[in-house]
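Peer 1: There's a structure below that I have some questions on.
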Amino acid sequence: MIDAFFIAGTDTDVGKTVASKAILDALNMKGLRTAAYKPVAAGSEDKGEGVQNSDAIHLRAVANVELRYEEVNPYALLMPASPHIAAEAENVVIDYSVLSEGLASLKEKSDVVLVEGAGGWRVPVSKDDCLSTWVQQEKLPVVLVVGIKLGCLSHAMLTAEAIQHDGLEIIGWVANRVNPGTENYAEIIKMLEDKMPAPKLGEIPYMPSVKRKNMGKYIHLEALDN
């Protein structure tokens, strides 16, 4: 079993956190000590316990290694915008060494760390750099989450090409049905199965947020065991 991997999305709002929770559930069912890491998150809120991001809160709740919030999400930005815009507005410089130190600490405390990105693969964290540069530095294998909707085929193939161009391995992909009315669902899945350079880890059906529990049954982890 690999000790850490990165969850990338074909876009923002494609269900990275939903897929991450499902994967964490599946890893928990295997008896592994799991940690979740959301290095950078925008659109956070301060509800009296410091600035926290809802996605990071959800991930922290599902992973079974108990961690302080700051260990899960070192950079929680308030503005609901691209991280580079939010960081500049808040006079924050996202330091890759901080991200790397946090990841190393979580590796020591767990069997496997799920690292969830922000937005799409090439999301900027400053005017000059993207989060993908840090993922390259860490040489993290990637699981790609595809939000199944019109246009997702091009987004998925282009994202996969970019990840591979960056010299990283895609170890699997997850289909997340973000729109119950999407037509030609089966045909879209078949094309992705044919074109993606990695195995499908699972398909997550569309469901209201209140029913998003025990989702590990939708994930098959064989690819992560290599």
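Each residue, glycine too, has its Cβ placed from N, Cα and C.
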Peer 1: Looking at Swiss-Prot, Thr17, Asp55 are annotated for Mg(2+). Which of Glu116, Glu138, Glu161, Glu169 sits in that same site?
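Peer 2: The record-listed residue among the candidates is Glu116.
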Peer 1: Give me the Cα-Cα distance between Arg177 (ATP binding site) and Lys38 (active site), rounded to a whole Å.
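Peer 2: Distance between the two Cα atoms comes out at 22 Å.
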Peer 1: According to DSSP, does Asp55 (ATP binding site) fall in a helix, a strand, or coil?
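Peer 2: For Asp55 (ATP binding site) - judged by DSSP and reduced to three states - the answer is helix.
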Peer 1: With an 8 Å cut-off on Cβ distance to the Thr17, Asp55, Glu116 Cβ center, who else from the chain surrounds the Mg(2+) site?
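Peer 2: Neighbours found: Ile7, Lys16, Ser20, Lys21, Lys38, Ala41, Ala56, His58, Leu59.
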Peer 1: My understanding is the cutoff is Cβ-Cβ under 8 Å with a sequence separation of 6 or more in the same chain; which residues meet that for Gly119 (ATP binding site)?
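Peer 2: The answer is Gly9, Asp11, Thr12, Ser82, Pro83.
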Peer 1: Name the one residue among Gly15, Thr17, Lys38 whose Cα is closest in three-dimensional space to that of Glu116 (Mg(2+) binding site); these are the recorded positions.
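Peer 2: For Glu116 (Mg(2+) binding site), the spatially nearest of the recorded positions is Lys38.
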Peer 1: Restricting to the same chain and to sequence separations of six or more, state which residues have a Cβ under 8 Å from that of Asp55 (ATP binding site).
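Peer 2: Expected: Lys16, Thr17, Lys38, Ala41, Glu116.
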